[in-house]
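Peer 1: This structure is in structure tokens; I'll ask about it shortly.
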Amino acid sequence: MKMHIARDSIVYLLNKHLQNTILTNKIEQECFLQADTPKKYLQYIKPFLINCMTKNITTDLVMKDSKRLEPYITLEMRDIIQMMFFRTLQKHTFFRENTNLCTEYVQKIEASCYHYTYQQQEKTFLEEYSTRCGMINHIINCEKKSHQQQDNDALNKLISGELKPEAIGSMTFAELCPSAALKEKTEITLRSQQKVAEKTSQLYKCPNCKQRMCTYREVQTRALDEPSTIYCTCKKCGHEFIG
């Protein structure tokens with residue numbers, strides 16, 4: 001009986017904000033069917049209630065997700081994600097000295113990722129949410145490998161206030177890391193423009209027919225500071241191999 005009263009109350013609260021009885025009943029019923037205990041039911045329905053009350057979910061957004069309705073991003077999981085962002089930002093002196101600001105930024109960054117994910121259709125909610133949060137966490141990490149230290153554009157802009165934490169979740173890699181994106185684009189352009197003219201040489205032995213009559217070409221398939229990859233073709237048997 002208590003569970004029935006609780007469900008009626010939740011339906012009333014959801015419908016009050018969504019103003020869509022059919023959609024409200026569909027959300028509530030899906031959460032109820034997924035849960036095998038009252039505790040899990042409340043755990044599943046809570047994100048919908050909170051987002052509706054704070055006007056972070058519109059009818060259109062929920063209808064886009066109505067085919068999958070995955071309320072598995074619980075508050076506990078969101079807390080874990082926020083803790084991940086908090087630990088990452090705390091690695092930087094600026095945020096260690098400004099704990100309150102760090103907490104505010106963490107909440108806004110996570111919320112930005114969460115709301116962005118609601119609008120995606122290609123992947124399931126959980127997969128998209130986890131992937132985006134992981135990407136953002138890597139980008140704002142000040143303890144990157146030495147060759148990535150110059151790519152802290154997003155973190156520096158976050159500290160200076162140029163980048164708003166509530167906007168970070170919907171930004172592309174190129175927008176967050178213009179230096180790294182430009183470097184990557186330059187490498188791709190250079191690779192596409194490189195000369196791939198074939199040369200003949202007896203330096204390379206064919207592993208198939210054991211002859212040393214091969215043509216070869218050099219291709220820059222890795223980073224620019226690493227050696228080129230040499231592709232060989234045996235003129236005797238036509239076998240292709242890497243020199």
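Heads up, the Cβ atoms here are built off N, Cα and C, so glycines get one too.
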Peer 1: Give the range, chosen from 38-78, 161-201, 202-242, that Swiss-Prot lists as zinc finger.
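Peer 2: When 38-78, 161-201, 202-242 are checked in Swiss-Prot, zinc finger belongs to 202-242.
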Peer 1: In which DSSP state, out of helix, strand and coil, do we find Cys234 (Zn(2+) binding site)?
Peer 2: strand
Peer 1: Given a 10 Å Cβ-Cβ cut-off, pick out the one of the binding-site residues Cys206, Cys209 that has the most other Cβ atoms nearby.
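Peer 2: The largest 10 Å Cβ neighbour count belongs to Cys206.
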Peer 1: Using the CB centroid of Cys206, Cys209, Cys234, Cys237 as the Zn(2+) site centre, which other residues of the same chain sit with their CB within 8 A?
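Peer 2: Once Cys206, Cys209, Cys234, Cys237 are set aside, the remaining close residues are Pro207, Asn208, Lys210, Gln211, Met213, Cys214, Lys235, Lys236, Gly238, His239.
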